[in-house]
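Quick look at what TrEMBL lists:
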type	residues	note
REGION	1-40	region 'Disordered'
TRANSMEM	60-82	transmembrane segment
TRANSMEM	102-122	transmembrane segment
TRANSMEM	128-152	transmembrane segment
DISULFID	CYS192-CYS208	disulfide bond
Amino acid sequence: QASRLVELPCSSSSDNDDEDDDGWLAGDTDIPTAKQDPRVRCGAPPELSTFSQCVRHLAFLWNLLFLLLGLLALAVGVWGLLAKGSLRGDRLAPLGSDPMLLFVLVGLGASSVSLAGCLGTLRSSPCLLRFFVGAVLAFVGLEVLGGLLLLAARHRLRDALRDALFLCLLRYHDEPDLRFLVDELQRSLQCCGLGSYRDWETNPYFNCSAPGVQACSVPASCCLDPWQNGTLANTQCGFGALRLGDMAAGAVVHLGGCMAQLGAWLRSQAGGIAASAAVLVLVEATGVLMALKVLEDIAPVG
């Protein structure tokens, strides 16, 4: 009888015929009934607090921002692949070494996870929110593991970096992205080649036995003054530099290699790199905490 009294506020109009019987039963049994909120007795979800509403809106905007950034990175990567024709059937082989592929993968992963967070917050979906939390925690774990591996294998990393730069020297004319990276590295660090400027002899176009006009030359980014009259870029300033002796070549191009300069720069930027990694982990942790708060409001434990 008491249970039927509790269910009365949620009863449908078809049960109105039993009101007199229920009232007679209630009066006969003298069972006290407590006043309850009809929304609680009807099973309606409780209203969210102001803090919970703020967290939900902030979580949605947070994920929306990273969704837009991920889509931007994805668009840049796809545009780069299409502009270079890397998606053609005859260019699929070197696709794995294309730097634009990194933008595509990062953009695809970030946009997918952020979209799950946006939809999970907007639609109050525990499944999408759990997927978002799990994916972000997996990314954080991979980043921490990668950082530990870099610290443990920093000597092998130096050899791997040398091999990567040597590959860039060999494919300098084949990949526009690699050419851009090498030129920017040599201009900013004021270096040429890996160990010295003569490393460019390994390039089939700059080798002295090459039939082209660039034989026995180095890229213009190796020049001490790559400008002509201070305004125009002189793309031929490094022509014939490998035919000269070290004394004469030193007046035209940088003699030192980039490996030593790059190692010194990385050591000087170690604090900034560590701070950037910590900020990235903090941003991801903030997104996880907000998603967990929204998930707790949607599906409270117990």
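Using N, Cα and C of the backbone, Cβ positions are placed for all residues, glycine too.
All annotation found in TrEMBL is predicted automatically rather than curated by experts.
Under 8 Å from some Cβ of the transmembrane segment (60-82) lie the Cβ atoms of residues 95, 98, 100-115, 117-118, 121-122, 132, 177, 286-287, 290, all in the same chain and six or more residues away from its ends.
Around CYS192 (disulfide bond), the same-chain residues at least 6 positions away in sequence with a Cβ under 8 Å from its Cβ are GLN186, TRP200, VAL218, PRO219, SER221, CYS222, VAL253, HIS254, LEU255, GLY256, GLY257, CYS258.
For CYS208 (disulfide bond), the Cβ neighbour count at a 10 Å cut-off comes to 11, with all displayed protein chains included.
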